[in-house]
Amino acid sequence: MADDLDFETGDAGASATFPMQCSALRKNGFVVLKGRPCKIVEMSTSKTGKHGHAKVHLVGIDIFTGKKYEDICPSTHNMDVPNIKRNDFQLIGIQDGYLSLLQDSGEVREDLRLPEGDLGKEIEQKYDSGEEILITVLSAMTEEAAVAIKAMAK
C-alpha cells in the first residue's frame, strides 16, 4: 500500500503571504496591493469620521516591475504581507538570456532570466570581464527576479 504513495511533489505548506493589521504596516515594509507584492513608499492615515474607522492610504512600488499601486483600507482591517526571501547565488554563466546560478547545495539553476535594463547590462559586462559576482535573487508569491549584484568575497 505504501508503495503507491508519492510525496515528492508536495511543498512545505508555507503560505506566500501572511495577514497584518493595516495600522501595523510601516513605510519601507512590504504589502500586497492589487494582488502584487509591493514595497510601501508612502503611507498616511485619515482621522475617524462621524461614521466608520480611520483609513490608511498606502502607496507601494511593485518589487518586480517597479509599477506604482495605491490602496485605501480601514486601519482595523488585515492586509496581506508577502513572504519575501533574498538569496545570493554565484553566477557561473549566461546562456540565451538566462543566468546559470550556483546554489549553496552545489546544484545549478538555469531558470532565471537575465534582468532587462541597466542591471542586466552590468551583469553581462562584469561576467564578460571575468569578475566573480554574486546575484541577489528576490522571491515572493511564486515569482523570482535578479535584483542586485555584488562582488564575491575573495
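Even glycines carry a Cβ here, placed using N, Cα and C.
Feature annotation from Swiss-Prot assigns N-acetylalanine to Ala2.
For Lys47 (among others), the entry in Swiss-Prot reads N6-acetyllysine, with the evidence type similarity to another entry. Remark: Lys47 (N6-acetyllysine) has Ala54 as non-local neighbours, by Cβ distance under 8 Å and separation of at least 6 in sequence.
Per Swiss-Prot, the feature hypusine maps to Lys50; the stated evidence is experimental evidence. In three-state terms derived from DSSP, Lys50 (hypusine) belongs to neither a helical nor a strand segment and is classed as coil. Cβ-based neighbour count (10 Å, all protein chains) for Lys50 (hypusine) stands at 4.
Taken from Swiss-Prot, the feature N6-acetyllysine covers Lys121 (among others), and the record attributes it to similarity to another entry. Within the same chain, no residue at least six positions away from Lys121 (N6-acetyllysine) has a Cβ under 8 Å of its Cβ. Annotation note: Lys121 (N6-acetyllysine) sits in a helical segment as assigned by DSSP.
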